[in-house]
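K.L.:
Just passing along the structure, written as structure tokens.
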Amino acid sequence: MAPALLLVPAALASFILAFGTGVEFVRFTSLRPLLGGIPESGGPDARQGWLAALQDQSILVPLAWDLGLLLLFVGQHSLMATETVKAWMSRYFGVLQRSLYVACTALALQLVMRYWEPVPRGPVLWEAQAEPWATWVPLLCFVLHVISWLLIFSILLVFDYAELMGLKQVYYHVLGLGEPLALKSPRALRLFSHLRHPVCVELLTVLWVVPTLGTDRLLLALLLTLYLGLAHGLDQQDLRYLRAQLQRKLHLLSRPQDGEAE
């Protein structure tokens, strides 16, 4: 195992990379489609119909490229989450296992965003063009995106984000406190095993609620929706535990206010 002087910078570097990737993901999924950052190619009149698009190489080739990028991300994210790979990584990297997983996921997502090919000439599933929809639909989408991202950040705070990012494992190791998961209750461990993506609904809102749902955006939203759906396995016991934890967090947050009122 590497000394603490190497473990801490490695975990911090992974966290910074993940944070920067998250900021870039907000730009990629929200700011670009909402603020018109997608390059145009002749406007709506130049777009192909659905049947014509199936024979247009200028549409099929970038879609195939985008599909490959998404499959690369999904493959990395799923493969490194398997027990076999996690055991191998824990054996050779120790407490940096989670940080390495987070860093690799961030790099895979960076590849998707950096090399993503828009398809401006492809057909669209829907598009707000005529007034008043051209004004109000983007505004409504913007509001829903802001709410969704605020909820995502709030949920990450309710969950143990330091452990999700791999920081807590290194912190506990340096202080000799053991494995953080070993201190959690069986109900919490059961929840974490079922809920790999605690912000599923909010991410789906960000992916689908856009003024113009073009071909490449449809591919992105559809594939990630399928992936999130397959990875989401909550049951009633998990929901009861989540509700109890949320009430506990709210009670703790309200205690200082109660003290001031007294």
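Placed from the backbone N, Cα and C atoms, the Cβ positions cover glycine too.
The topological domain 'Nuclear' annotation in Swiss-Prot covers 1-4, 81-97, 165-191, 235-262. Sequence annotations record features per position, and here Swiss-Prot assigns transmembrane segment to 5-28, 59-80, 98-114, 134-164, 192-210, 217-234. For 29-58, 115-133, 211-216, the entry in Swiss-Prot reads topological domain 'Perinuclear space', with the evidence type sequence analysis.
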K.L.:
Averaged over the topological domain 'Nuclear' (235-262), what pLDDT does the predicted model reach?
P.N.:
54
K.L.:
Which residues, given as numbers and ranges, are at least 6 beyond the ends of the transmembrane segment (5-28) yet have a Cβ under 8 Å from it?
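P.N.:
Contacts of the transmembrane segment (5-28) (Cβ under 8 Å, skipping residues fewer than 6 from its ends): 95-96, 99-100, 102-103, 105-107, 109-110, 113, 116, 149, 165-167, 169-170, 173-174.
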